[in-house]
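Peer 1: Can you read through this structure? Questions will come right after.
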Amino acid sequence: MTSTTLVKCACEPCLCNVDPSKAIDRNGLYYCSEACADGHTGGSKGCGHTGCNCHG
């Protein structure tokens with residue numbers, strides 16, 4: 001059995017942990033969603049994951 005190492009999403013207020021092999025990689029930082037990776041531009045709130053209401 002292989003274990004997966006999860007890392008915290010690079011969006012500071014985000015609560016999500018992501019698998020680096022499935023995350024969005026921007027400049028070596030791993031994000032759980034495009035909203036987080038884009039810095040919540042345009043006032044987007046939340047990353048779409050249950051229980052997380054990050055706003056960048």
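From the backbone N, Cα and C atoms, a Cβ is placed for every residue, glycine too.
Annotation source Swiss-Prot lists Zn(2+) 1 binding site at CYS9, CYS14, CYS32, CYS36. According to Swiss-Prot, the Zn(2+) 2 binding site annotation covers CYS11, CYS36, HIS40, CYS54, on the basis of experimental evidence. Look at Swiss-Prot and you will find CYS14, CYS47, CYS52, CYS54 tagged as Zn(2+) 3 binding site. The Zn(2+) 4 binding site annotation in Swiss-Prot covers CYS16, CYS32, CYS47, HIS49 and rests on experimental evidence.
I'm curious about the neighbourhood of these features; can you describe it?
Peer 2: Classification of CYS9 (Zn(2+) 1 binding site) by DSSP places it in coil, neither helical nor stranded.
Following the DSSP three-state reduction, the secondary structure of CYS36 (Zn(2+) 1 binding site) is helix.
Residue environment of CYS14 (Zn(2+) 1 binding site) contains 24 other Cβ atoms, counted within 10 Å of its Cβ in all protein chains. In the three-state DSSP scheme, CYS14 (Zn(2+) 1 binding site) is classed as coil.
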Peer 1: Sequence gap of 6 or more, C-beta under 8 Å: which same-chain residues meet both conditions with respect to CYS9 (Zn(2+) 1 binding site)?
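Peer 2: Looking at Cβ-Cβ distances below 8 Å from CYS9 (Zn(2+) 1 binding site), excluding near sequence neighbours, one finds LEU15, CYS16, ASN17, VAL18, ALA23, TYR30, TYR31, CYS32, SER33, CYS36, CYS47, CYS54.
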Peer 1: For HIS49 (Zn(2+) 4 binding site), which of the binding-site residues CYS11, CYS14, HIS40 has the nearest Cα in space?
Peer 2: CYS14
Peer 1: Would you say which of the binding-site residues HIS40, HIS49 has the most Cβ atoms within 10 Å of its own Cβ?
Peer 2: HIS40
Peer 1: Could you check which of the binding-site residues CYS11, CYS14, HIS40 is the closest Cα neighbour of CYS52 (Zn(2+) 3 binding site)?
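Peer 2: Ranked by Cα distance from CYS52 (Zn(2+) 3 binding site), first place goes to CYS14.
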